[in-house]
Amino acid sequence: MRDSAAPGAARGDSRAVPPTPAGAAPRRRRLLLADRRFLVLLALGFSAGVPLPLVAGVVLRQWFTEAGLSLTEIGLTALIAWSYSFKFLWSPLLDEVRPPPGLLRFGRRRGWLLLIQPCLAAAILATGLTDPAAAPLATAACAVVVAFLSASQDIVVDAYRIEILEEREQGYGLACYIWGYRAALLASGAGTLLLVGAIGWAGAFAYAAALIGVGVLAVLAGREPAAPSGGEATRGTAGWRARLRAAVVEPFADFVRRPSWLAILLFVGLFKLGEAMAGTMTIPFYRQLGFSREEVATVGSVFGLVALLGGALAGGWVVARIGVGRALVLTGLGQMLSNLMYVALAHAGHDVAMLWAQVGIENFTDGMADAAFVAYLSGLTNRAFTATQYALLSSLATIPLRTAGAASGWLVERLGLGWADFFLITTAAALPAMAIMLWLLARLPPPAAARAPAAAAAPADEAIRPT
C-alpha cells in the first residue's frame, strides 16, 4: 500500500520481438530464470523497494503519528518523496561521472551501486536512531537523505537492467525486478511495523537497513554490462547537457507539439489527486479509530498489496476487453467512489471487518485504475521517445499529487474537518480529472497502447502512485 509508487529514465528501443514456436516460450522462461542475471535483477528490485515504505509511506507516518506530531507535520512527509519525482534531473550525472577510483574496478554501474547502497543502509540506520517526538526535523532530514539515495539507486539499477539484457529479454528482466520490488514492500513495510513492538523503532530500522545487503550481494554476484557504444565521446559538461536534453527537453518538447497537450498534462497530474490526499492521512485516521500498529501492518500493508495486485490484473483484463478509453472511465469512477469507504469506516469506528473491506475495495479499485492509467500513459508516447517520454510523464504525474498530499493534514486542521467530511472532499477532488478525461475522450481518440513499454515501465507502486 503506497497510499501511494517511478524507477526513472530508461533507455532502449521498442523493436518487436519475433513470434516463437509453440512450446518454446515455457522452455525459454525456464532458461531465463536459471540465468544469474535475472536472479540479480530480482535482488536489485528488492533493494530498490526497501526504502520506500520507510520514508515515503506507511512506516514513517506510523512513527510520526505515534510520536504525537500534528496532522500538518505528518502531511508534509509526502514531500520527502519528491526525490523520486525529480530524479530525472540528476540521472544524466550518474551516466557521466565515474565512481571513485577504488570502486571503478567493478565497472561504472556496479561501482556506483557499491557506493550508494552502503550509504543508503547507513542513512536508514541513522533515521532509526533519531527521535521524532523530540527532534522531528532531524528524522525528516535523515529521511530526505534516504529518499535521495534511494532514487539514485533506482537510476543506476534501471540503467543496469536495460544494459545487461538483450532487447528480447527486457520483459522478463522487468518482471523479475518488479516482483523483487513488491516483495520488498512487504518485508520493509509490514515487516518493519511488526518488529517495532519487539525491538523498538531503532531495531526495526536496523532490520530494514540490513535488507539493503541483498542488493549489495546482488551487485557483487553480477557482472558489469558492456559500456554503451560511443559512451566516451560525450563525457563531461557537454555530455551531461546532451543527456539531459535527450532525457527531458526533447521528449517534453515533442509532447507539447501535440493537440490538447495542456489538457492531457492536467489530466495526468490530477487523475489520482483524491487518492493522494486520502492516502497521506490514512495512518493518523486509523490511529484515531483505535487500530493497532499490527492491524495496520497486516491489513493495510499485506492484504492491501494483495488487493492492489489483484486489481492490476483485473484492470489489464478490462483494458483488453473494452479498450483504454472506456476502461479509464470505468476504473477512474471506481477509484473515486472507493474513497467513500473511508467515510463508511469513519462512521463504523474501530470495526476490523470494515477495515478489511475498506482496504480491499480501495486497493483493488486503485490497482484497476493504475493498469488503465499506465496503458493511457503508454499510448501518449511518441515511438521516437518511447522510454524517455513514459518515464518523464510518470514522474511528472506524481509531483502535484505529492504536493497535494502534503497539504492534506493542514487542510484537516485548518478547516476543523471531521474525518468523514475530509474523505468526502477527497472523493470530490477526483471530479476535475474525470471532467478533463471525458473532454479529452470526446475530442481525441484514446491511445491504442495496452501496456507500458518494457524498457520504461516501473512498478505501479512507485511509478504512478502518489506517495
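Easy rule for this one: first residue shown is 1, then count along the chain.
Every residue gets a Cβ built from N, Cα and C, even glycine.
Any TrEMBL annotation is an automated prediction that lacks curation.
Quick caveat, the model's predicted, so the values are computed rather than measured.
Residues or ranges marked as region 'Disordered' in TrEMBL: 1-23.
Look at TrEMBL and you will find 38-64 (among others) tagged as transmembrane segment.
Long-range contacts of the transmembrane segment (70-90) within the same chain: residues 4, 6, 8-9, 55-56, 60-61, 64, 136, 140, 143-144, 147-148, 150-152, 154-155, 244, 247-248, 276, 280-281, 283-284, 391-392, 395-396, 398-399, 402-403, 405-410, 412-413, 462, 466-467, each at least 6 residues beyond the stretch ends and with a Cβ under 8 Å from a Cβ of the stretch. Summarising the annotation, TrEMBL assigns transmembrane segment to 70-90 (among others).
According to TrEMBL, the feature transmembrane segment maps to 111-127 (among others). Below 8 angstroms of C-beta separation, residues 44, 47, 50-51, 54-55, 94, 98-100, 103-105, 139, 142-143, 145-146, 149-150, 152-153, 156-157, 160, 205-206, 208-210, 212-213, 215-216, 219-220 of the same chain, each at least six residues beyond the ends of the transmembrane segment (111-127), sit close to that stretch.
Here TrEMBL flags 133-151 (among others) as transmembrane segment.
Taken from TrEMBL, the feature transmembrane segment applies to 172-195 (among others).
The transmembrane segment annotation in TrEMBL covers 201-221 (among others). Sequence-distant contacts of the transmembrane segment (201-221), counting only residues of its own chain at least 6 positions beyond either end whose CB sits under 8 Å from a CB of the stretch, comprise 36, 39-40, 43-44, 46-48, 50, 54, 59, 63, 106, 110, 113-114, 117-118, 120-122, 124-125, 127-129, 153, 184, 187-188, 191-193, 195.
Annotation source TrEMBL lists transmembrane segment at 261-286 (among others).
Here TrEMBL flags 298-320 (among others) as transmembrane segment.
Taken from TrEMBL, the feature transmembrane segment covers 327-345 (among others). Residues 271-272, 274-275, 278, 285, 289, 315, 318-319, 351, 354-355, 357-358, 361-362, 365-366, 368-369, 371-373, 375-376, 419-420, 423-424, 426-427, 430-431, 433-434, 437-438, 441, 446 of the same chain lie 6+ residues outside the transmembrane segment (327-345) yet bring a C-beta within less than 8 angstroms of a C-beta in it.
According to TrEMBL, the feature transmembrane segment maps to 422-442 (among others).
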Long-range Cβ neighbours of the transmembrane segment (261-286) (under 8 Å; 6 or more residues past either end) | 1-4, 58, 61-62, 65, 71, 74-75, 77-78, 255, 295-296, 300, 332, 335-336, 339, 342, 346, 355, 366, 369, 373, 377, 380, 393, 396-397, 399-402, 404-406, 408-409, 411-412, 419, 422-423, 425-430, 432-433, 436-437, 439-440, 464-467
Intrachain residues whose Cβ lies under 8 Å of the transmembrane segment (298-320), provided they are six or more past its termini | 1, 53, 58, 182, 185-186, 189-190, 193-194, 282, 286, 327, 330-331, 352, 355-356, 359-372, 375, 450-451, 460-461
So which residues does the transmembrane segment (133-151) touch in its own chain, when a touch means Cβ under 8 Å and the partner is 6 or more beyond its ends?
-> 8, 48, 51-52, 54-56, 60, 63-64, 67-69, 73, 76-77, 80-84, 87, 116, 119-120, 123-124, 126-127
Which residues of the same chain, at least 6 past either end of the transmembrane segment (38-64), have a Cβ under 8 Å from a Cβ in it?
-> 1-4, 7, 32, 73-74, 77-78, 80-81, 84, 113, 117, 120, 124, 127, 132, 136, 139, 143-144, 146-147, 149-150, 153-154, 157, 160-161, 164, 172-173, 176-185, 187-189, 192-193, 201, 205, 208, 211-212, 214-219, 221-222, 280, 282-284, 287, 293, 296-297, 300-301, 459, 461-462, 467
